[in-house]
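Quick notes on the structure that follows.
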Amino acid sequence: MKTPLTEAIAAADSQGRFLSNTELQVVNGRYNRATSSLEAAKALTANADRLISGAANAVYSKFPYTTQMPGPNYSSTAIGKAKCARDIGYYLRMVTYCLVVGGTGPMDDYLVAGLEEINRTFELSPSWYIEALKYIKNNHGLSGDVANEANTYIDYAINTLS
């Protein structure tokens, strides 16, 4: 899994050299942001149930057909609603994993790689998850550097889905 730290080390090691000043600055920058990133991951994890529930309701409000159409890919039943919440939770977990490692590696490796195929196979609309992530971003209750760190990866997920 790629992170800014592993990429800097891999680049230096592949060339048989020590880290350059630029690479050390990248590493230092990550350490400077690490506390805020970990605080964001903790807060999102602690509030996950509330955020996921609110995000699902935001999807149902913006796309009411998702609760009216029958079928396994819609939220017209309790099982469908549980699947929607599970999927939103997956995106939120990926955001927290990115916060912990300080890079998009987890999202790139576990989400982005097969995202288009999954959405096509199960007839899932990326716009549902974009709406859910926007809700999470606007309602996570974080501020300052902690919010900036969280929003970086939420925005990355939104852009990936767009």
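Just so you know, glycine gets a Cβ as well, placed from its N, Cα and C.
Per Swiss-Prot, the feature (2R,3E)-phycocyanobilin binding site maps to 83-87, 115-124. DSSP classifies Ile118 ((2R,3E)-phycocyanobilin binding site) as helix under the three-state reduction. There are 12 other CB atoms within 10 A of the CB of Ile118 ((2R,3E)-phycocyanobilin binding site), with all protein chains counted.
With a cut-off of 8 Å between CB atoms and residues at least 6 apart in sequence, the same chain places Pro72, Ser75 near Lys83 ((2R,3E)-phycocyanobilin binding site), listed in sequence order.
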